[in-house]
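One structure is given here, and the rest of the page talks about it.
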Amino acid sequence: MSRAASNVCPSNLVPVPRAATKGSADRVQVRVGVLALQGAFSEHCIVLSKLDIKGVTITPCEVRTVAELNACDGIIIPGGESTAMKIISDGGEDDIIEGLRHFALSGRPVWGTCAGTILLAKTVCQSSRNASGTIVEHTECKYGNPIGVMDIKVSRNYFGRQLNSFEATIDQGCVFADVPAVFIRAPAILDVDSEKVTVLGTIHHPSFEGPMICAAKEDNILVTCFHPELTDDHTVHSYFLREFIVPYVMRNQQ
C-alpha cells in the first residue's frame, strides 16, 4: 500500500481503542506489544515482565500481524535492521508497517528503539564518510521513511559500523540523565522539525562535536537511538509505561 493511498484505511488496519480493564485489587491491565519481525524483541519482553508499577498489571506480547497489533494498548518497535523489517513486512493484506502507521496516527503509544527510531522518523538520511571516517555529507536514504510519523531527521548508522558500537551515559540535565545507553550501529537524531518534539536525552561522543540527540518524544511517540533492553536499567521502559501507556489506557477506560 502506498503512503499516498493510506488516507483511506482498510478496515483490518483500523485500531479500535481497547477499554481499560481492572483485575484483582483494581489493578489496571495493560497489554504492551513488541514487534517481533526481527531484532531484539525478546529482550524487551523480558524487561516488561520484570517491571513493577504500582496498580498496573503488564502483559507483554509479541506482535507479528495487524490483528495482534490492534489488540495492544501500545507497541515497542525494537532495534535490529530497519530495512530488513521493512522487507519482511511489506505488502499484502496484512501490511504490519502500514498498520503501525495507522496505530501511531490513532494516538496509541509507540516507542521505537534504534531501528524503530529510523522507521518512525519523517526524514531519514545516510551519512557519507571520507577515507579517514569523517562525515562529509548527509544524503537522502533510498529506503525512505516506512512509517514516517515523527517530526525528526535521523541518520542511519551515524556512528559507523558494528565495530564502532559503544556504550555511553545520558548527559546530566536530561530527563534520562545518567541512564546507561548501548549504541549498536546506531542512528542519530540530527534535527527536530517541530516545537512538539521534546528532547529527552543527549550524549557526548569523542569523535563528534557537541551533544548528540539520542532520545525524544512527540505526542504519543517515543524514540531512543540506543538499546535500553540490553542493560539492567529499566528507566526508559518504566517511563514509557507511566507517561504513555497507562495515561492512554486510563483515558479510554469505560
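Just so you know, glycine gets a Cβ as well, placed from its N, Cα and C.
Residues or ranges marked as active site, nucleophile by TrEMBL: Cys114. Among the features that TrEMBL reports, active site, charge relay system is placed at His227, Glu229. Taken from TrEMBL, the feature L-glutamine binding site applies to Gly80, Glu81, Ser82, Arg156, Ile184, Arg185.
The shortest Cα-Cα distance from His227 (active site, charge relay system) to any of the binding-site residues (Gly80, Ile184, Arg185) is found for Ile184. Each of the recorded positions Cys114, Ile184 was scored by the number of other CB atoms within 10 Å of its CB, and the largest score is that of Cys114. Cα of Ile184 (L-glutamine binding site) to Cα of Cys114 (active site, nucleophile): a distance of 8 Å. Counting only same-chain residues six or more apart in sequence, the Cβ atoms lying under 8 angstroms from the Cβ of Gly80 (L-glutamine binding site) belong to Leu37, Gln38, Gly39, Ala40, Phe41, Cys114, Ala115. The most densely surrounded of the recorded positions Arg185, His227, judged by C-beta neighbours within 10 angstroms, is His227.
Rounded to the nearest whole angstrom, the C-alpha distance between Arg185 (L-glutamine binding site) and Glu229 (active site, charge relay system) is 15. The Cβ neighbour count for Glu229 (active site, charge relay system), using a 10 Å radius over every protein chain in view, is 26.
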